[in-house]
Amino acid sequence: MQQENKRLLSLDALRGFDMFWITGGDELIHIGAKIFGWGWLVVLSQQFHHPEWNGLSAYDCIFPLFIFMAGVSVPFSFGSRMEKGVPKHKLAKKAIQRGLILVLLGIVYNNGILVKSFSEMRYASVLGRIGLAGMFAQLLYLYNPSALKLLIQGAVLLLIYWAFLSWFPVPGCPLGTMTMECNPASYIDQLILPGKLYKGIHDPEGFASTIPAVMTGLLGILAGMRIRNHQTQSGEKKVHYLMRYGAIALILGVVWSFFWPLNKNLWTGSFVLVVGGISFLLLALFYWVIDVKKLRRWTLFFVVIGTNSIVIYLLSHFVDIGYTANALFGGLLASLGPAAAELGEVLTYILVQWCLMYVLYKNKWFLKV
């Protein structure tokens, strides 16, 4: 049987699948729907937009799925070191360093380096949330590696956050209001976050809503513990457990959504559970196909992206991939019709970006934070 201490190929593939949709895959769907007009493609294209406030789309699942997967890797990376006798304080230091580095990278991603004054900068970020949520989830795991206790701690976090949003007073707003203009999370962010918020009065990656995101990381840790810590179980049995966890989380989240709306902006508890359930099911599918059934040939495209996910996220923001793609393929695209050229532009962008990532993959150059 495969030693579960080894890197999970299914996790790398799922991470690459997740990242693909925000580094060109979404635009490919939009262009395809525009050109071909197929009903299923139009519906899929609509799923690649965020709801304005309440609600849930496939696009909303991308970010929390990444935090979930960061959690899955924790029992493999930290668990093996703990078993080798590495002191917990050293692992805690590593977790804190990683979290703070991601916060710093997030600030650079938002603002560049010394481009803006401190008062004009946006400090909350996607990478910052990944770093902080992952850091606190890792620390909870380090000092309390019990699945039941982690689950209880995560549930307590969600209940505290629910109570906070429901009963914390916001000046000028009725108690329990959860609109963009009136909600306790945004109010606290306005008070404590320096610089500017993403939407002026609200930041979807703000400090307050990072608290429930810790539970997203904990759910991933629980999934990783199920895969790694049960060596005597068959792969199929582990898949069944992952599916069971996913179904339970989905049901609880849907029921809770009748009282606490699904909302990515506020990272509500119902959102955590529903997207957590989806994440469990996606992991179960990828783990079953790739690591249990050993159907791996198709995975290279996503693995190349997934093994350097932070790099491709930064690359797509700071490097003009479109310029390079146009320099290489612009002449060819100019000879095509408008629709084909528009589709080709997206495909060549994805191709050039992937080739750059493949060079890193082939040379085993991986950014490890």
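Each residue, glycine too, has its Cβ placed from N, Cα and C.
The transmembrane segment feature in TrEMBL is assigned to 20-44 (among others).
Counting residues 6+ beyond its ends, the transmembrane segment (56-78) has Cβ neighbours under 8 Å at 4-5, 7-8, 11, 14-15, 18-19, 21-22, 26, 44, 46-50, 91, 95, 126, 129-130, 133-134, 137-138, 141-142, 213, 216-225, 227-229, 262, 264, 267, 271-272, 274-276, 278-279, 282-283, 309 in the same chain. The transmembrane segment feature in TrEMBL is assigned to 56-78 (among others).
Counting only same-chain residues 6+ beyond the ends of the transmembrane segment (99-118), those with a CB under 8 A from a CB of the stretch are 124-132, 134-136, 194-195, 310, 313-314, 317, 369. Residues or ranges marked as transmembrane segment by TrEMBL: 99-118 (among others).
Per TrEMBL, transmembrane segment is recorded for 124-143 (among others).
The transmembrane segment annotation in TrEMBL covers 150-170 (among others). Outside the transmembrane segment (150-170) by six or more residues, the chain places 140-141, 144, 176-178, 182-185, 187-188, 208, 211-212, 214-215, 218-219, 221-222, 260, 266, 268-269, 272-273 with a CB less than 8 A from a CB of the stretch.
Annotation source TrEMBL lists transmembrane segment at 207-227 (among others).
Per TrEMBL, transmembrane segment is recorded for 239-260 (among others). Outside the transmembrane segment (239-260) by six or more residues, the chain places 162, 165, 219, 222-223, 226-227, 268-281, 283-284, 287-288, 292 with a CB less than 8 A from a CB of the stretch.
According to TrEMBL, the feature transmembrane segment maps to 266-288 (among others).
The feature transmembrane segment is assigned by TrEMBL to 300-319 (among others). Away from its own ends, the transmembrane segment (300-319) comes close to residues 9, 11-20, 22-24, 66, 105, 109, 126-127, 353-354, 356-358, 360-361, 365-367, 369 of its chain (Cβ-Cβ under 8 Å, at least six residues beyond either end).
What TrEMBL records for 339-361 (among others) is transmembrane segment. Sequence-distant contacts of the transmembrane segment (339-361), counting only residues of its own chain at least 6 positions beyond either end whose CB sits under 8 Å from a CB of the stretch, comprise 23-25, 27-28, 31-32, 34-35, 301, 303-305, 307-308, 311-312, 315-316, 321-322, 324-326, 328-329, 332-333.
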